[in-house]
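Asks: Once you've had a glance at the structure underneath, I'll fire off some questions.
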């Protein structure tokens, strides 16, 4: 489970930037850029973006370089001691430092890249709205193709040539990607800087002030709540009018007679509404955790299954580390088919830029993940029965393609749906924070994977006649892995029912493009938009100011 735990921390670190940006670090921008790895372009000035955004990739390059050096130098290899871990001293420091940099860089890129890419498109322009939906599909495809190369070509070089060559090729490829990212800097659409605080701080302020004012009564007229004046609105890219949901948070915007107008004593309505929007997203986030728990099983137990199956493809043997290429291959084929054929067809029926809504797309993925776990249990029964019958004639590795293929399709639907959902629905100043919710769901899923394995083993060894857990030991032929898969299938089905409730409860923020408004270059400010209603009668509206979006009061 150590690999699962490491992947968990890689996803958790997609939040490293927002968390570190909340700290009052006494460093100049250049030094701070070596710490913050996940601030989105909407949360920093252009110069800061160049420094801090670049570190997301540079940390990963540096971490890979350290791993390459340690893999190449025999002097940095530990002497075998017969224990599970023989590394210690300076070698251990170097190894763990490089792994930490890899996790930090990987997490930073995952959190920032979707927001950066999404900001290159004007959602108010019909053509660019379609291109935005297309971007997330191609982002997943590029990631999938890179992973395919990693688990095939890199694995082949590492096993046939030498171990360090795989790390070296990865380091060179990542460095080239970093250079391409830097060269494209002049062409990116970047928003004008606004004097806004860290999203984490803004959220903390609302919660802290709301708790402090919990005994105060809310005014009958929401217009009496505190909001920015017209001069302050000029420096804000977006203002959001009041909504009636989660009224307890409105207490953060109550102004009392003895209130000092500071961020930690009273919050604006816009700031409160930003927290409300993120709060509405949390049930959707929670409903996808079980699916990511299933994904963790396919990356652990299914690989163990493949190791004891017939891995021959004709006369060639498939390396065990290349087993995950099966779902990646399915996704690489299906993503273009989905984008080029399904989306245009669905768009004619639904008139939605993405073909189907983001929540519908997530729901399809959740259903397929439950089916995948059911099929995985059936395949495991067949594999184990054949192994017990004649261990010298195992079934083919490609029986796993059924569960891998179905889950690959599920991942294609859910992952892109989540990224697009969190990006489009989030406040402008919190888009990189909200898109990181996708990776937060993955990290929770991997955590639950480890937790479920431990709990299932602990419970089943007490109630089974053999007094052994379903997943005890390392011999899958003596385990009941199929029962664990079916347990996850039942859990996924119940989770889908839970998701249906929250998906029907959630209301999208309507986005209707203004045909009379020409798209505006984001490099000179945010695009102009027509007035649009939000949940519970709120309204968003932009004006002609180059770096602000002004909002009128909600119209009843």
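Positions of Cβ are set from backbone N, Cα and C atoms, glycine also.
Keep in mind that TrEMBL annotations are predicted by a computer and have not been checked by a curator.
Keep in mind that what you see is a predicted model, and the values were worked out from it rather than measured.
Dumping what TrEMBL says about this protein:
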type	residues	note
COMPBIAS	529-543	compositional bias 'Basic and acidic residues'
COMPBIAS	544-556	compositional bias 'Polar residues'
REGION	511-556	region 'Disordered'
TRANSMEM	54-73	transmembrane segment
TRANSMEM	93-116	transmembrane segment
TRANSMEM	136-157	transmembrane segment
TRANSMEM	163-183	transmembrane segment
TRANSMEM	322-341	transmembrane segment
TRANSMEM	362-381	transmembrane segment
TRANSMEM	401-423	transmembrane segment
TRANSMEM	435-456	transmembrane segment
TRANSMEM	483-502	transmembrane segment
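Quick one: how deep are these features, and who are their neighbours?
Replies: Sequence-remote contacts of a segment are chain residues at least 6 beyond its ends whose Cβ falls under 8 Å from one of its Cβ atoms, and for the transmembrane segment (54-73) they are 33-34, 36-38, 91, 94-95, 97-102, 104-106, 108-109, 112-113, 163-164, 167-168, 170-171, 174-175, 177-178, 181-182.
Under 8 Å from some Cβ of the transmembrane segment (322-341) lie the Cβ atoms of residues 134, 137-138, 140-141, 144-145, 147-148, 151-152, 155-156, 298-299, 302-303, 306, 311, 397-398, 400-401, 404-405, 407-409, 411-412, all in the same chain and six or more residues away from its ends.
Taking Cβ pairs closer than 8 Å, the transmembrane segment (362-381) reaches residues 284, 287-288, 290-291, 294-295, 297-298, 302, 305, 356, 399-400, 402-403, 406-407, 409-415, 417-418, 421, 476, 481-483, 485-486, 488-489, 492-493, 495-496, 499-500, 503 in its own chain, all 6 or more past its ends.
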